[in-house]
Amino acid sequence: MTDENTPRDEDPGNESGFRAGRHALPDDAPPQTGPIPIVGGPPPVQSAELWKPPPGGRHEQQAADTSGSAGGWNAQGAAAPAGGATGAGATALAERPREEKKAKKARLSEGKSAERRLAYWLIAPAAIMMLLVTGYPIIYAFWLSLNKMSLSAPGEREFVWFSNYGAVLSDGYWWTAFSVTLGITVVSVIIEFVLGMAIALVMHRTIFGRGTIRTVVLIPYGIVTVAAAFSWYYAWTPGTGYLANLLPDGSAPLTEQWPSLAIIVLAEVWKTTPFMALLLLAGLALVPDDLLKAAQVDGAGAWTRLWRIILPLMKPAILVALLFRTLDAFRVFDNIYVLTRGSNSTYSVSMLGYDNLFKAFNLGVGSAISILIFLCVALIAFVFIKGFGTAAPGSDDEGR
Amino acid sequence: MNASGKSKAWWSIANILVILYALIPLLWIISLSFKPASSVTDGSFIPKEWTLDNYKSIFDTSAFTSALINSIGVGLITTLIAVILGTMAAYAVARLEFPGKKVLIGAALLIAMFPQISLVTPLFNIERRLGLFDTWPGLILPYITFALPLAIYTLSAFFREIPWELEKAAKMDGATPFQAFTKVIAPLAAPGVVTAAILVFIFAWNDLLLALSLTSTERAITAPVAIANFTGSSQFEEPTGSISAAAVVITIPIIIFVLFFQRRIVAGLTSGAVKG
């Protein structure tokens, strides 16, 4: 364990040390001053560094460290350590006589550094891909959002600082979209949770037909959202639909704001509750049966067992399910696009961003909306992850 | 005895309700797709007359056919690449020790939660400049990116369940870490790979927003976009039947797929959540 930890703990210190060293090398640290000023940083870091294997392997690894941890900031990462590492490593090796320990460390980290090198080769394509397609565009979007730019006047661009944000935030459209989105998110996630919990309990407890019901429940998940949205659209179209015909004559729910919103929530809930139910079912499987039986023997009713035992034990699964669904619901687009196209003030923030680009051709304002949505999502995620603590998905400390 | 019979009845009712819940909207769109133009607005749940005209009509023009081909092509290529890259990264995450692992996991989580609309404006602009707008690669690249977190989570969960000792044994026998990966771990992870592939394909097949924003002609328009933008102009006097038929065409293969791989999909969808 110590062997695994030591190199990792040193790295941040090392890295900055190297960088400082490299920049310092030409001017501030002429060769005659010896090795010590070359490597800035506290003594432990320095000596740890001296034990490292030959410069070749060391600097390669260092380069990989930097580029890997920063995603794909290769330009900086790959270039920085090259000179410094070699120089420092070489001088250091020549100076210090702690042969035994050095050799041991070197042998141990031979396999380690091979492992690391493999790891970086394996994650590099995915990391670079994710960075290029999300990291770069979001920065670019931020830049666009500071400019006055329109697709209808391609050549013209004016740097306007944050006035696009001012325009968006002082505009009624954004706040309508924001409240519509928030409303849809909150209402549909609550309904999904209650309904999903009920379905999860049915799936968990049912004795016969378990396979069938688990299979059937996946149907809404499998249906293309657009197809499902059309099913709801026609169901509520007066004359055509079986549901619209249940309403009093002359009512056209998709032409009014509140009924439209209710139908959007219905479509969202229908499509995504199974996903919620499956996540909750997985959490439910972790609740020990003995505990429930014991509680039952002690006279706890079904309701008490649910509130006092099942729900508390399922808390991690519940939080994950709620987080995923909340963020997903906040991006609602497909259902609205098909059901109302955003008419009668039923547009979500995603819909607003889309319309700003493809109807108003306004790149600057569209980008400002993009960034605002991104910030909203980041805020929601932050609040949830604070609630999670360490139980965030993918925190893989149980890995080994 | 009586009590258990009663509870059995309750559970059956609950089961039936769940089944109805899942099936009704699907059956409704299927029913609409078989109604002839004359009775499509009669509002009855079960068609009084049945016809295949709607299905014939959507394949009459190239609009839907080309969209279907685009969807299949883009979906398959996305799946292939995302699963390969995802497998590599997931192996590193599950099995190897390296600094920056937390950053990678965090980044993947961030992208899983990323609002796609935030990328639409910049991607639209970038792709127009690079000539990727309205092409397959222009869709495939963002799809892979958004599918990667899904693939990495699903696969790393599977990788973790493979016994460690096998890899150690392989290394003991002189295999390099790379050989241990390709010869020992990868074959054992095949079920996980299939699961990830299905989830990624469903994601790519289902997407509307990106396809709507990054395509404009039959060259790259995907099926959901074609359906969402079907109009009642020239060919169709009333697009209800055609849209329903097209919706059924793009839905049924996925449903069959999902039902067939039910167990794996459930395992894949929940793998990230229970680990916490």
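Positions of Cβ are set from backbone N, Cα and C atoms, glycine also.
Database features (TrEMBL):
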TRANSMEM  B:12-34  transmembrane segment
TRANSMEM  B:67-91  transmembrane segment
DOMAIN    B:68-261  domain 'ABC transmembrane type-1'
TRANSMEM  B:103-124  transmembrane segment
TRANSMEM  B:136-159  transmembrane segment
TRANSMEM  B:180-205  transmembrane segment
TRANSMEM  B:243-261  transmembrane segment
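Only pairs six or more apart in sequence are counted, and the transmembrane segment (B:103-124) with the transmembrane segment (B:136-159) gives three or more Cβ pairs under 8 Å, enough to call it a contact. The transmembrane segment (B:12-34) and the transmembrane segment (B:243-261) are in contact, since at least 3 Cβ pairs between them lie under 8 Å (pairs 6 or more apart in sequence).
Nonlocal intrachain contacts for the transmembrane segment (B:136-159), taken as residues 6+ away from its ends with a CB within less than 8 angstroms of a stretch CB, comprise 70, 73-74, 77-79, 81-83, 85-87, 89-91, 93-95, 108-109, 111-112, 114, 116, 119, 123, 127, 185, 189, 191-193, 195-196, 199-200, 203-204, 207, 210-211, 214-215, 220, 222, 268, 271-272, 275. Counting residues 6+ beyond its ends, the transmembrane segment (B:243-261) has Cβ neighbours under 8 Å at 26, 29-30, 32-33, 54-55, 57-58, 64, 68, 71, 194-195, 198, 201-202, 205, 223-224, 226-227, 230 in the same chain.
Within its own chain, the transmembrane segment (B:180-205) has Cβ neighbours under 8 Å at 71, 74-76, 78-79, 82-83, 86-87, 91, 95, 143, 146-147, 150-151, 154-155, 157-159, 162, 166-167, 170-171, 223-224, 250, 254, 257-258, 261, 264-265, 267-269, counting only residues six or more beyond its boundaries.
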